[in-house]
Amino acid sequence: MGIWKWLVMASLVWPVLTLRNVYDMKIECPHTVSFGENSVIGYVELPPVPLADTAQMVPESSCNMDNHQSLNTITKYTQVSWRGKADQSQSSQNSFETVSTEVDLKGTCVLKHKMVEESYRSRKSVTCYDLSCNSTYCKPTLYMIVPIHACNMMKSCLIALGPYRVQVVYERSYCMTGVLIEGKCFVPDQSVVSIIKHGIFDIASVHIVCFFVAVKGNTYKIFEQVKKSFESTCNDTENKVQGYYICIVGGNSAPIYVPTLDDFRSMEAFTGIFRSPHGEDHDLAGEEIASYSIVGPANAKVPHSASSDTLSLIAYSGIPSYSSLSILTSSTEAKHVFSPGLFPKLNHTNCDKSAIPLIWTGMIDLPGYYEAVHPCTVFCVLSGPGASCEAFSEGGIFNITSPMCLVSKQNRFRLTEQQVNFVCQRVDMDIVVYCNGQRKVILTKTLVIGQCIYTITSLFSLLPGVAHSIAVELCVPGFHGWATAALLVTFCFGWVLIPAITFIILTVLKFIANIFHTSNQENRLKSVLRKIKEEFEKTKGSMVCDVCKYECETYKELKAHGVSCPQSQCPYCFTHCEPTEAAFQAHYKVCQVTHRFRDDLKKTVTPQNFTPGCYRTLNLFRYKSRCYIFTMWIFLLVLESILWAASASETPLTPVWNDNAHGVGSVPMHTDLELDFSLTSSSKYTYRRKLTNPLEEAQSIDLHIEIEEQTIGVDVHALGHWFDGRLNLKTSFHCYGACTKYEYPWHTAKCHYERDYQYETSWGCNPSDCPGVGTGCTACGLYLDQLKPVGSAYKIITIRYSRRVCVQFGEENLCKIIDMNDCFVSRHVKVCIIGTVSKFSQGDTLLFFGPLEGGGLIFKHWCTSTCQFGDPGDIMSPRDKGFLCPEFPGSFRKKCNFATTPICEYDGNMVSGYKKVMATIDSFQSFNTSTMHFTDERIEWKDPDGMLRDHINILVTKDIDFDNLGENPCKIGLQTSSIEGAWGSGVGFTLTCLVSLTECPTFLTSIKACDKAICYGAESVTLTRGQNTVKVSGKGGHSGSTFRCCHGEDCSQIGLHAAAPHLDKVNGISEIENSKVYDDGAPQCGIKCWFVKSGEWISGIFSGNWIVLIVLCVFLLFSLVLLSILCPVRKHKKS
C-alpha cells in the first residue's frame, strides 16, 4: 500500500508543480493591421535558474510561426567571474580576482543584420532571452518579436525556456494603429519635432526595447556619434565596435534604427541608451527591497585569450537587477561579454575598457497625436430571463460598464469594428450602458413586446401573417394590450361567450337568492318557537320534562313526555328506555324522530311567498335571446373601443415627451407670464404658447422659447501626465573606500535619492571579513522604476456654466448664450439663470484616466509644488518642464548586527499616489462627459447624467402691442419624407420632414410627429428660408397610425406607417439626445379624440391585410354556428 500511496500523492502534486512553472507573456496588438513593416513585441521576467544551467537553455516554441533560424546558432561569450583569493582573509582591493573563460550560449538576443526585416517578410518570429546574473543564479527575460500579421493569425501559443513554460497571449487593444498609453491611443509622429499644435499634438512617454546589431561599415561607426553627442573623450573611434540598435516603440511599431540623425525617435532612444545605459531593472515582484555588497573594482580580459585587460567591472554579490550581457567597445569585432556578479563599465565619458548593453529597455518622450474617440452603438435581444447585448464602435471601445449587466473585460472583435458581448440578467427595468463616455439606454419594454409577438406567432404558425398582425396588437404593454385582446375576443367569440357568461352569472345569483330565502324561512320558524316558549313559561311554567329533564319546544311535545316518560317509553319513537335521566338523554342523541313535533308545527305556519322580482325573475331571464346577445355584443364593442383608445397613449415621466392632441395652448395676457423652475444640466427645455389679447381673443402672437442643455466650460492649466511607479530600497555595502568611489546603477534612474553612511566606527556594522572600523561605506538608495503614465491632470482656473437661449416672439428671433447669474433680455421676454448647483469649484483638479470623453475624477487637493511620494500628483511629467520627481520625507536607518552586512531601513511611505487613489477611488467625486471639445487651455463638455441643476426664471410682459405684432408673415409648408423605427411605446420612430419656409429669413418653431388624433413627439428647430430637413422622434401610436409632420393644426397631406415592434435588435438611445422637456400647452386627448383614434386603428388594421378581416369573420361565423348548436331557437307550438 505504501508505494501506491506515494504514486497517488505524486499524481496530485505533479500537475500543481507543473502549473506553477507556466507564465504569461502578453503581446498587445493594435485593432487593425496597418501598412508598413510593423512588428509587435512582448517580454516576461522569469524566476531564477542556477548559473550552471544557462549553458543548456534554448527557447523552444510550439507556435505555428517558425522561429528565425539564426537564433539557434551558438554565440561565443567571454564569461567574466570573480572569486576570493585563498591567501586573503580580509576584504580589500586585492582580496579577489577575476577569471575569464569562453562559454557557448544558444538563443540569447544576438540579432543579426536585417534579421527583423527578414522575419517580417518570411512571417517568422524572433524569440530570444536576456540574463541578469550574480555568482550563483540567473534571472532570464524572454523576448518575442513577431510580424504584426500574427495578431490576425494567432491567439496563443507556448514557448519553453529551461524549466519554464511561457503562454504567449495576443491581446487586441481598441487602438486602430496607435499605442495604448493612459487609456488613450497615442500615435507617435516623427514629423513633429519642435512645433506642437495645442489640442492636437502632445508628448507622451513611451516604452521602448532596443537590441544591438553588430555590423561593420563606415555608416555604422556608432562611437563617432557618441563623441559628437556627448561630452566624451573617446579617442580612436575608428577601432571601436561598429553596429546599431534596432528598437521597437510602444510594443508596436516599425523598426527604429539608432542612431539616425533625421529621426527624432531614434535620437531620443540614442540619448537614453548612453545616458542611462542600465535601463529598467529586472527585479521580480517582492525584490523592491534588497541589498548587495560591492566587492570592489576589477579588470578582465575579453576575449579570454587577450594579452591584457580590456574591460573594467565592479564585482558584487546579492540580487541581480541588471543585464549581465554586454558588448566590448574596444574592438571593431563584436566581443560578447557574460558577466555574472559584475557590473561592466557602461559610462563612456572615458571610452577605455568599457562596454555597451546588448539589450536596453526604457522610456522615451515622443511627440504625436491621440486617435479620435468614436461613439458606440449598443444592441440587445431577449435571451432567456434576461437580455444578450452587443456593443460596437468603429474606432474601438476604450471603456464599457453597466450597473445592471455582466460586462466582461475580455474583448472580442469582428471585422473592422470592435464587438463586446455581455449579458444582462434582468429586463424588468431599462438597461443603462456607459460606452466610450456615452450613456446609452436600452428600453427593455420593446424586448418583452418582441418576445410576446414571437410566442403568439409560433402558437399560430399555420397562418403566420395573420398571427403576426394580431400579435403586434395584443402585445402592446399595459392596459392597452388587454383592451385589444378583449376587443378581438368579443368580436370573434362574443355570440358564444355572452350567453355562457350570462348563464354563469345567473346561476351564481340564483344560488345566492336561494340561500337568502332558506335562511329567512328558518329564522322565521325559530322566532315563532321562541315566542311560544316565552308565552308558555309566563302562563303555565317550565317546559322541561320532570322525568328525562329534556327541554321541549311545544306544549304538545311536553304533553307527550308527560305520558311516555313515566312509562319508560321514548315520547318520539315509543322505544322502551330505562327510567333514568341519563338513559333518556343517551337515547335522544340516537333517536331519528326527535323533530316530528317541530315538523308538525312548521306545517301549521303559513309559508312566505317569493316576491316576483327576485328568484322567479332570475329564472325567467332569457339569456339565450338573440336580441339580448346582439345588444350586449354591440355595447361591449363600443365600450371596449373607447377604453382601447383611451389607453393607447402612454404618459411617461418628465422630462420625456408627453403625448397630446394637435395644436398649441393659448394664454390670455391679463398679467405678466412668469415661469420659475429647476432644470437638470442634461435637459433641453422648449416652451411654446399663443399669447392672446384678453380684450379680443382673435388677436394672438406666437411665443417660442428654446433653452438648450447646459455647457460646462473650464479654463485650465495642463499639469501634465501623472505616473505610477515602483519604489525600490536597495542597500549597497562595501568594506573600504569612500561612498563616492563607486557608481551605483540607481544613479541613472529618473528619480532617486541616496543616503550614505561612510567610514563606520562600530565593529557591529562590519561583516567579519572587513578590515576593521573607520573604513567602508553603506549606501542607501531609493529610486523609482517601472514608471507608467496613468492619467492627465488639469487644474481649473475659471469655470463657466452656460446655456443657449433662443426666443421667437412674433417675427422677432433672437438668440444668446447666457451664464450663471446672467439674463437674456428682449423687449417682451426675459430669461435668467438665477443660480447653478454644481460639484465643481475653482482650484479643483480634473484627472482623466483615459480619453477625456470617458469622464474623470475631481480632486480637491492635488500637489503642484512640493509633492511627497504617495500624494495625488506625486510623479508628474509636465509638458513645459522636465520630469518632476517627488520628495521622500521618510528617514533612513541602518540596521546593524555583529559580523553581518548592514541593511538599510526606510520608515517613509512606499506606496505610490496612483495606487493609493485606486484603493480609495470610491471616495472621490466622478463626472461623465459628452460632446467634448478641448485644447490645452480650455475644456468644454456637456453633462449626460444631469447631476447639475440650473434655477431658471422666465418673464413675459403683458404690455404687448397686438395690433402691430399679431400678424406673422412666415409661411410654412410640410411634407413627410420617410420614417424609421416602430410604433408603440418602445424605442420609437423617427420621422423625416421636409419643411419649407417663405416670407421671412428665419423662424424658430417646433415640428410635431402626429397621427389623426395624437402627437407623439416634437422637435424644436430654427428654419431658414427655403427647404429644411427636420427629423422628429416620437414614441407611441398603433398599427393604424399614419404619422404626419405637423405644425400647430396644419399637417402634411400624406402620412407614413411605421413598422411593428418585433424581435429585432433594440438599439440603445443616447441619453443626451433623449433628455428634453417640451411644453406647448396642447390639450389632452378627449372623447372625440378617442373615437378618431379607434376609427384610425380599425381602418388601419384591415387596410394592410384583408385576410385578417376574413379570418376574424370566420371565427365570428364559427361562434354563430356554435351558438345555434348549443342554444337552439325555442319553437312555440300554435294552440
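Note: Cβ is positioned from N, Cα and C throughout, glycine not excepted.
Annotation comment: Swiss-Prot describes 1-18 as signal peptide.
Residues annotated as disulfide bond in Swiss-Prot, with similarity to another entry given as evidence: Cys109-Cys128 (among others). Cys109 (disulfide bond): 24 other CB atoms within 10 A of its CB, across all protein chains.
Per Swiss-Prot, the feature disulfide bond maps to Cys133-Cys138 (among others). All protein chains included, Cys138 (disulfide bond) registers 25 other Cβ atoms within 10 Å of its own Cβ. In the three-state DSSP classification, Cys138 (disulfide bond) falls within a strand.
The feature N-linked glycosylation site is assigned by Swiss-Prot to Asn134 (among others). Sequence-distant contacts of Asn134 (N-linked glycosylation site), defined by Cβ-Cβ distance under 8 angstroms and a gap of at least six in the same chain, are Tyr292, Tyr316, Ser317, Gly318, Ile319, Pro320, Pro340, Gly341.
Applying an 8 A CB threshold to same-chain residues 6+ apart, the list for Cys234 (disulfide bond) reads Phe223, Val226, Lys227, Lys240, His348, Asn350, Cys351. The disulfide bond feature in Swiss-Prot is assigned to Cys234-Cys351 (among others); the stated evidence is similarity to another entry.
Residues near Asn235 (N-linked glycosylation site) in space but far in sequence (CB under 8 A, at least 6 apart, same chain), listed by position: Cys351. According to Swiss-Prot, the feature N-linked glycosylation site maps to Asn235 (among others).
Positions annotated as N-linked glycosylation site by Swiss-Prot: Asn347 (among others). Reduced to three states, the DSSP call for Asn347 (N-linked glycosylation site) is coil.
Annotated disulfide bond per Swiss-Prot: Cys376-Cys435 (among others), in sequence order. Around the Cβ of Cys435 (disulfide bond), a 10 Å sphere holds 25 further Cβ atoms from the protein chains shown.
Taking the Cβ of Cys389 (disulfide bond) as reference, residues of its chain lying under 8 Å away and at least six apart in sequence are, in sequence order, Val378, Phe379, Cys380, Val381, Cys405, Asn421, Phe422, Val423, Cys424, Ile431, Val433, Ile442. Summarising the annotation, Swiss-Prot assigns disulfide bond to Cys380-Cys389 (among others).
Per Swiss-Prot, N-linked glycosylation site is recorded for Asn399 (among others). Taking the Cβ of Asn399 (N-linked glycosylation site) as centre and 10 Å as the limit, one finds 18 other Cβ atoms among all the protein chains shown.
Sequence annotations record features per position, and here Swiss-Prot assigns disulfide bond to Cys405-Cys424 (among others).
Here Swiss-Prot flags 507-627 (among others) as topological domain 'Cytoplasmic', drawing on sequence analysis.
According to Swiss-Prot, the zinc finger annotation covers 545-565 (among others).
Summarising the annotation, Swiss-Prot assigns zinc finger to 570-591 (among others). Counted with DSSP, the zinc finger (570-591) comes out as 10 helix, 1 strand, 11 coil.
Here Swiss-Prot flags 615-618 as motif 'YxxL', drawing on experimental evidence.
Under a cutoff of 8 A between CB atoms, and with a sequence separation of 6+ in the same chain, the neighbours of Cys765 (disulfide bond) are Tyr757, Thr778, Lys894, Cys896, Pro902. DSSP classifies Cys765 (disulfide bond) as helix under the three-state reduction. Here Swiss-Prot flags Cys765-Cys896 (among others) as disulfide bond.
Neighbours of Cys380 (disulfide bond), defined as other CB atoms within 10 A of its CB across all chains, total 28.
With DSSP classes pooled into helix, strand and coil, the tally for the zinc finger (545-565) is 11 helix, 1 strand, 9 coil. The Cα of Cys863 (disulfide bond) lies closest to that of Cys435, out of the disulfide-bonded residues Cys109, Cys435, Cys970, Cys1010, Cys1085. Checked against Cys1015 (disulfide bond), the disulfide-bonded residues Cys435, Cys806, Cys1089 differ in C-alpha distance, with Cys1089 being the nearest. Looking only at the glycosylation sites Asn347, Asn928, the densest Cβ neighbourhood within 10 Å occurs at Asn928. Cα spacing between Cys970 (disulfide bond) and Cys109 (disulfide bond): 79 Å, rounded to the nearest whole number.
On the backbone, the CA of Cys435 (disulfide bond) and the CA of Asn399 (N-linked glycosylation site) stand 6 Å apart.
Note on proximity: among Cys109, Cys128, Cys138, Cys806, Asn928, the recorded positions of the record, the Cα nearest Cys1000 (disulfide bond) is that of Cys806.
In the three-state DSSP scheme, Cys128 (disulfide bond) falls into the strand class. Taking a C-beta cut-off of under 8 angstroms and a sequence separation of 6 or more, Cys133 (disulfide bond) has the following same-chain neighbours: Leu51, Thr54, Lys139, Pro320, Ser324, Phe338, Ser339, Pro340, Gly341.
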